[in-house]
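Here the structure comes first, spelled out in structure tokens, and everything after it is commentary.
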Amino acid sequence: MSTMKVCVLFRPLNPKELSEFGDAVSVQGINSESFIVKDEKEQEFDFTFDRVFYQGSEQADIYEFLALPIVQGALDAINGTIITYGQTGAGKTYSMEGPSIVDCESKKKGLLQRVVDGLFEAITNSEKPSKYTIKLSMVEIYMEKVRDLFDSSKDNIQIKESKVHGIVLNGATEVAISNFAEALQSLSSGIANRAVGETQMNMSSSRSHCLYIFTVHQDLTKDKRTKFGKLILVDLAGSEKVEKTGAEGKILEEAKTINQSLTALGKVINAMTSSTPGKPTHIPYRDSKLTRILQDALGGCSQTALLCCCSPSPSNSSESLSTLRFGARAKHVKASVHVSCKEDLDNTKDATVYTYVDESRERILAKLRERMTADDVQLLEKLFVLEGIFFDPNSIDEIEATYEDVTSRTISSLHKAVEELSTGVEKLKKENVALKASLKVSEEFYQHQLERRSLCFIL
């Protein structure tokens, strides 16, 4: 078991901070791992992380310490994730992309360019008799929908789970990249489609969480096996305080959704680090699309690194402290990594996957039968098939989570149907009353006519 690698980056002061506070900072460095932060009341707090990058740190240093080991692991079929986290305007996207994904001097290149370069360099220098293939996907989580940045028509991608590949974005576009320039061009086109907006704290604020997914396939022709490593870079949208960003209208709605998903991420981290040894704890991965996609990275078999980006200005000390406390909590998350590998046998590959799916579904349905009627379970079984739900059934917690998730969606649909039915019933009741009234008038008229005819006959 290893812990998540957590580093902190204090960006340089920006012009607004310099004009308001001069060159005053709330951070006092002790060494490359520890520092002291003062809050708005001048109270001091000590923090220690795997590495601290102070103002003026080189982008190359961040890559070599934080990302290089994960890049090397991806070529050895070990999944890895690199996450940038922090307040809006704290330097997350700059750390990820640099000033420009395509045109920027070598010294300022971000993690993305360096990761791409590192992957191709490692493949070139590899002495293994293997064929490597790299594929790239780009998605953003915007207003709780997963959107494909390579294909705008795919604006609500579903999240699936399989035994072989773990969390999967079903139908997300994968682009094969064969060299550095080709990769940067693809990244540039995807980034251009990302949702951004202007706030008082950031001229080009990210309004979505962005995920860059590199899948490295290694074909071992001698052993007839395929090893694959998935490397995900996550540029989170920044947490926001409305009074500072001045968000209104659409920007405000985006901010609410961003903060909700980041709160869900915090709850997952808290659940993972607050559990009692030997006692199972439910981890609320399904509370948001972000935590669901990051399930492997946070609690699965993955090397994970977190870069907490902060402003050193006293004006942002409250937000910086919140970011640092999140990072300190995440430092205690345990992860166990393993090599992703499967047999390259066409006649057994599909059978293995579908057998797993069937077993998973049956175990869930057996659990549901203890609580629900046979008709309800049959209905949910059809729902499983339609939704293509895959998950790991090895723990009761996952079964419970799936039960809650599916039941919640089913109840929601039933509520909607009941509302529509109720509306229809009320309409029918009104029509029925009108028809009854009309019928009564007709009957009275008919009776009156009969009485008149009877009277005329007597006369």
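The backbone N, Cα and C atoms fix where each Cβ goes, glycine too.
The average per-residue pLDDT of the prediction over the domain 'Kinesin motor' (3-333) is 89, rounded to a whole number. Residues or ranges marked as domain 'Kinesin motor' by TrEMBL: 3-333.
According to TrEMBL, the feature ATP binding site maps to Gly86, Gln87, Thr88, Gly89, Ala90, Gly91, Lys92, Thr93. Around Lys92 (ATP binding site), the same-chain residues at least 6 positions away in sequence with a Cβ under 8 Å from its Cβ are Thr84, Tyr85, Gly86, Ser206, Asp235, Leu236, Gly238, Leu307, Cys309.
The annotation coiled coil is assigned in TrEMBL to 411-438.
With a 10 A radius on its CB, Ala90 (ATP binding site) counts 26 other CB atoms from all the protein chains. Among the binding-site residues Gly86, Gly89, Gly91, the residue whose Cβ has the fewest other Cβ atoms within 10 Å is Gly91.
Neighbour count (other Cβ atoms within 10 Å of the Cβ, all protein chains): 24 for Gln87 (ATP binding site).
Proximity of Thr93 (ATP binding site) to non-local residues of its own chain (separation of 6 or more, Cβ distance below 8 Å) is seen for Thr84, Ser206, Asp235, given in sequence order.
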